[in-house]
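Peer 1: Okay, handing you the structure first.
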Amino acid sequence: MVPKLFTSQICLLLLLGLLAVEGSLHVKPPQFTWAQWFETQHINMTSQQCTNAMQVINNYQRRCKNQNTFLLTTFANVVNVCGNPNMTCPSNKTRKNCHQSGSQVPLIHCNLTTPSPQNISNCRYAQTPANMFYIVACDNRDQRRDPPQYPVVPVHLDRII
């Protein structure tokens, strides 16, 4: 009885730990709105090389992000996708605020190859260019902090297909 209870408690702790890690992956820095954080992570590729471009994101999160996709398009173009028909979000079936792009866009997918937990500036990434459709989640803008020209804005890159 005791070993089963102990094993169950360990499994529960591991599960809670995994949920905490997963939840922390979707935390935005407090100085950003969700739309601003989307633009920083997925539109503003500050360098042609993933290793350099990811340093910006990693510095905000204080960790090496495992992967990231940069859409080589404008924020305004992604905002326009928010006007496409609503669909269920593939990554979260309870969310109905996703929209699929009507055409493929060039993108660069960055994948962490060399983690460096002690010094995030040493994280290294491989990059894969592609042309793909994408699905974004969109929400109403933050009325106090987002520009008024876009009432609905992208807040999450849900999937590339």
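These residue numbers are counts, starting from 1, taken along the chain as shown.
Cβ coordinates come from backbone N, Cα and C, glycine included.
A quick note: this is a predicted structure, and the numbers were derived from the prediction, not measured.
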Peer 1: Would you mind checking which of CYS11, CYS138 shares a disulfide with CYS82 in Swiss-Prot?
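Peer 2: So the cysteine that Swiss-Prot bonds to CYS82 would be CYS138.
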Peer 1: Quick one: which of CYS64, CYS89, CYS98 does Swiss-Prot link to CYS123 by a disulfide?
Peer 2: CYS64
Peer 1: With reference to Swiss-Prot, which of the candidate residues CYS50, CYS89 participates in the disulphide bond with CYS110?
Peer 2: CYS50
Peer 1: About how far apart, in whole Å, are the alpha carbons (Cα) of HIS42 (active site, proton acceptor) and CYS123 (disulfide bond)?
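Peer 2: A Cα-Cα distance of 18 Å.
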Peer 1: For the substrate site given as LYS65, ASN66, GLN67, ASN68, THR69, which other residues of the same chain have their Cβ within 8 Å of the site's Cβ centre?
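Peer 2: Everything else in range on the chain: MET54, HIS109, CYS110, ASN111, LEU112.
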Peer 1: Give me the CA-CA distance between LYS65 (substrate binding site) and ASN111 (N-linked glycosylation site), in Å, as a whole number.
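Peer 2: LYS65 (substrate binding site) and ASN111 (N-linked glycosylation site) have their Cα atoms 9 Å apart.
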